[in-house]
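S.K.: Structure below; questions to follow.
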């Protein structure tokens with residue numbers, strides 16, 4: 001019975017579970033009346049969920065509507081539809097809309113729908129003042145009600161028979177903008193308006209134009225008048241008077257300025273009239289401008305003035321513009337077709353002109369210090385005119401130049417440039433220097449110095465190095481030439497090598513000769529021989545006027561085994577290192593003999609004892625029967641030995657063996673290789689000495705009758 005109830009319960013649970021199954025088919029979003037809505041019209045955003053259910057049951061729906069990703073509406077109901085009502089659409093409602101439906105732990109989103117609210121609200125324009133003065137500003141405020149930034153505002157200033165002036169303002173965070181327009185001279189009645197713009201996707205939408213605002217402009221002062229006396233036929237030397245005046249509405253920071261060709265001549269403040277006078281000169285011709293200013297307002301009046309020349313500018317002439325020192329110089333001042341004038345001759349100076357003589361002419365003995373610019377002045381009826389400057393150059397002759405190497409020493413390293421200088425003790429610039437290298441030359445002009453530099457980059461090993469320089473200026477003495485400078489070309493060290501005799505292997509205690517040489521390099525050469533260690537040890541150094549050096553090490557020891565190299569250098573300050581060589585010091589022959597003796601003598605002793613022991617044992621085994629025969633044999637052996645000893649007595653002479661040994665040693669010493677010879681010579685001579693010693697020893701052995 002319980003089992004049956006359990007089965008029924010499970011079947012009911014399964015039926016209930018099947019009844020609550022659902023799934024989303026789709027979620028739709030739409031706009032009524034359409035996706036394009038006019039500004040101010042009503043608009044509805046509808047979200048609908050299409051759901052399939054296994055059976056009819058209540059299902060709660062959470063519906064949300066988003067605009068440009070931001071939540072604008074949310075609804076919870078048992079229906080699958082929701083409506084977002086907008087009673088009056090504005091441009092701010094333009095955007096991308098999307099809805100989402102959540103039910104029973106499941107969620108579904110609709111596609112995105114773009115809604116465009118066309119048109120913008122009409123802007124409102126407000127002016128701060130209705131009346132302004134020239135030079136002031138008009139402050140305007142334009143607002144777009146119910147519009148959402150970012151927005152663009154365009155302000156327009158209009159006046160009769162003129163093109164409107166516009167100002168564009170962008171507002172990112174507010175729906176209004178404020179600008180200022182200056183009121184210019186001549187502005188009378190001004191009209192202003194504005195309109196708004198906003199960006200919709202990839203295009204701009206423009207609002208209607210705002211209300212028009214009229215502004216009345218008042219003048220703070222009238223245009224000034226300029227009076228000039230005399231008004232015409234103005235000649236140099238006469239007095240000329242100017243008067244500039246205006247009428248102001250209110251005396252407040254009024255300023256009047258008189259200018260000639262943009263140069264201020266005079267000015268007054270808080271007055272209505274300016275007066276100015278001067279003695280007329282030719283330079284007073286030009287455009288005169290009277291200008292009245294108050295704040296930002298200004299008005300101007302112009303007038304052209306022509307002044308007739310009373311006499312032309314004087315002309316200064318010199319007997320010569322370039323001359324040798326101590327020669328005579330004459331300066332003359334004159335005016336074309338005019339004689340009645342007062343003349344003066346001056347020398348120009350940076351601080352002030354120096355008067356030389358109140359006269360038409362000046363004659364003087366020129367010196368180098370007289371080099372400079374000169375002018376003359378002429379005066380008639382208080383009018384002073386100045387001539388164009390005349391430049392005079394007085395030259396001192398050049399002294400004999402001296403040529404030297406910039407570094408000091410008359411030498412140059414092959415492959416490096418040579419810097420030469422040519423200098424004078426005296427001479428007036430500009431000076432033309434000429435550098436000579438054999439048959440070649442190069443010129444250089446110096447304008448403010450008495451030295452010149454020359455760089456020779458083409459240095460060759462076979463150059464003779466003969467340099468000289470010449471100098472001249474505009475003095476009539478001509479060119480002077482220096483003494484010849486001989487330059488030594490230093491050839492850097494190249495291809496250093498190291499050799500030794502014997503090479504590679506040396507007996508302990510023997511002498512070793514090292515030869516360090518270079519293939520190329522200027523003398524003297526500094527040679528150094530090193531032994532390579534953790535810190536390389538300098539063994540030998542010497543400077544030689546030769547391309548090689550020989551060093552003899554008298555006795556080599558086992559500690560001298562190692563790697564050796566040499567370094568050669570000269571005045572080129574470039575060191576050349578040889579390839580390393582390795583020398584192995586081995587035991588001497590007598591040392592090997594001693595070692596052999598110490599090793600073989602004990603072995604021989606052991607062998608003799610073994611033979612003696614074996615012989616004694618064998619003797620004991622044969623017994624007494626052998627004693628008689630052994631005794632007879634011993635007697636015969638003794639007599640034969642004595643006879644042989646008598647016949648060979650001369651050969652076994654100890655004194656004869658020692659003398660031959662001495663002769664042999666002497667012959668060997670005489671055939672040693674000379675120390676100062678090259679590596680190959682040393683090798684060949686030592687091989688010859690070794691061969692001779694072997695042949696002498698062999699002939700001495702053959703001369704003995706018992707050599708075998």
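Each residue, glycine too, has its Cβ placed from N, Cα and C.
What TrEMBL records for this protein is below:
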- 661-672: compositional bias 'Basic and acidic residues' (COMPBIAS)
- 685-698: compositional bias 'Basic and acidic residues' (COMPBIAS)
- 220-308: domain 'Ig-like' (DOMAIN)
- 312-391: domain 'Ig-like' (DOMAIN)
- 401-486: domain 'Ig-like' (DOMAIN)
- 492-582: domain 'Ig-like' (DOMAIN)
- 636-708: region 'Disordered' (REGION)
- 1-18: signal peptide (SIGNAL)
- 594-616: transmembrane segment (TRANSMEM)
S.K.: So how many of the residues in the domain 'Ig-like' (220-308) end up helix, strand or coil by DSSP?
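M.R.: Grouping H, G, I as helix and E, B as strand yields 3 helix, 56 strand, 30 coil.
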S.K.: Please indicate, using numbers and ranges, the residues of the same chain that are 6 or more beyond the transmembrane segment (594-616) and have a C-beta under 8 Å from a C-beta there.
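M.R.: Result: 587.
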S.K.: What are the DSSP helix, strand and coil residue counts for the domain 'Ig-like' (492-582)?
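M.R.: Counting residues per DSSP class in the domain 'Ig-like' (492-582), I get 3 helix, 53 strand, 35 coil.
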S.K.: Return the average pLDDT for the domain 'Ig-like' (401-486) as a whole number.
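M.R.: The average pLDDT of the model in the domain 'Ig-like' (401-486) works out to 87.
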